[in-house]
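What Swiss-Prot annotates here:
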ACT_SITE  205  active site, proton donor
ACT_SITE  339  active site, proton acceptor
BINDING   163, 339, 368, 369, 390  (2R)-2-phosphoglycerate binding site
BINDING   242, 287, 314  Mg(2+) binding site
């Protein structure tokens with residue numbers, strides 16, 4: 001047993017220039033781990049609390065000095081002396097210390113930074129790559145990536161309501177090939193947008209953010225870009241999209257209010273619109289199609305589309321086993337998005353992935369729109385054999401860092417590496 005001997009946190013910046021928490025953990029046998037916490041723009045109201053200072057004289061109130069002080073003070077005092085390899089004890093100690101159901105006292109950003117840095121320190125001490133330390137000898141599945149190539153909603157300053165339009169190289173034979181296919185399609189898409197006189201400025205996650213005439217036009221453009229890049233839509237590269245519908249849902253009128261076409265939709269009308277898109281285009285995955293609190297709407301949506309498309313709950317489940325359990329019992333969605341900072345510890349993240357798998361749900365490990373150079377999620381997705389990752393486009397170093405780490409992992413695994421592609425969607429029946 002080797003214990004944690006020191007913990008140090010500091011305020012650093014994320015990919016949007018906003019402050020976030022970085023923590024370092026040291027062990028008595030020389031182990032060292034460092035981790036940086038990401039942050040989201042479109043956040044579920046049930047997420048664990050990201051503690052911000054609120055001091056308008058610093059970073060517009062977005063500073064995280066209080067969270068940093070919590071790490072260097074209370075958390076360090078409680079965690080120093082614990083076995084660095086006992087991840088569950090480390091995480092539970094911080095959860096108990098916080099004492100709130102949403103980590104609102106110490107901050108999920110403070111707690112998560114130590115949770116992740118501790119795992120890295122343990123892996124370092126044992127001389128293991130993080131994915132192998134977390135997943136053991138069975139960690140061997142490389143994820144099928146969701147590459148966010150057109151941004152809308154809160155991730156871009158344009159008139160597209162749907163937040164993310166993604167390509168998924170489901171026909172690739174390896175992660176390396178998937179990255180190449182994605183990059184080639186990304187560059188083809190850029191040329192196509194330039195031909196149309198559209199902007200090729202990129203959004204928070206590295207995708208293009210053109211002003212398009214409605215929410216269907218991105219699908220048309222993506223199909224053309226996939227074909228121009230030399231691939232078959234659906235067979236080689238499928239389409240996924242994230243509505244982030246809570247962001248344009250009016251709680252008073254209970255309508256979905258879209259900017260792109262200036263319309264208001266009931267849940268049933270919006271479901272029908274999405275169903276038409278799924279039937280018309282090679283769509284394999286839909287995320288957050290309805291408001292996070294519209295459980296009955298989600299149930300109806302799942303009944304109508306659940307056998308032919310992956311339905312991912314992000315704001316609905318917020319990586320929380322309580323909400324996921326409710327969804328499983330109700331027959332809501334068939335997949336969960338996994339975001340470390342939605343729940344706040346590595347242990348709870350593993351529990352959510354395990355619960356999803358046991359229920360026949362897929363799990364998609366995800367970045368946040370405010371990212372950093374930290375590549376923990378690349379190791380996490382392989383460690384858990386989750387099979388899918390959502391980590392942005394083929395631009396911006398904060399996104400590319402994860403793809404590069406995945407390629408390193410695939411190389412290290414050698415002949416044992418497995419890329420499942422279309423078979424990552426083990427609960428679907430749609431034929432392309």
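A Cβ is built for glycine as well, from the same backbone N, Cα and C atoms used for every other residue.
Overlay of Swiss-Prot feature records on the structure.
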residue	record	DSSP (3 states)
163	(2R)-2-phosphoglycerate binding site	coil
205	active site, proton donor	coil
242	Mg(2+) binding site	strand
287	Mg(2+) binding site	strand
314	Mg(2+) binding site	coil
339	active site, proton acceptor	coil
368	(2R)-2-phosphoglycerate binding site	coil
390	(2R)-2-phosphoglycerate binding site	strand
Cβ-Cβ neighbours of residue 368 ((2R)-2-phosphoglycerate binding site) (radius 10 Å): 27
Maximal Cα-Cα distance (Å) across residues annotated as binding (2R)-2-phosphoglycerate, namely 163, 339, 368, 369, 390: 17
Other same-chain residues whose Cβ falls within 8 Å of the Cβ centroid of 242, 287, 314, the recorded Mg(2+) site, in sequence order: 163, 164, 243, 244, 286, 288, 312, 313, 315, 337
Closest of 205, 339, 368, 369, 390 to residue 287 (Mg(2+) binding site), Cα positions, recorded positions only: 390
Intrachain C-beta neighbours of residue 339 (active site, proton acceptor), sequence separation six or more, cut-off 8 angstroms: 40, 314, 318, 319, 366, 367, 368
Cβ packing number for residue 242 (Mg(2+) binding site), 10 Å threshold: 27
Residue pair the residue listed as 'active site, proton donor', residue 369 ((2R)-2-phosphoglycerate binding site) - Cα distance, angstrom, rounded: 6
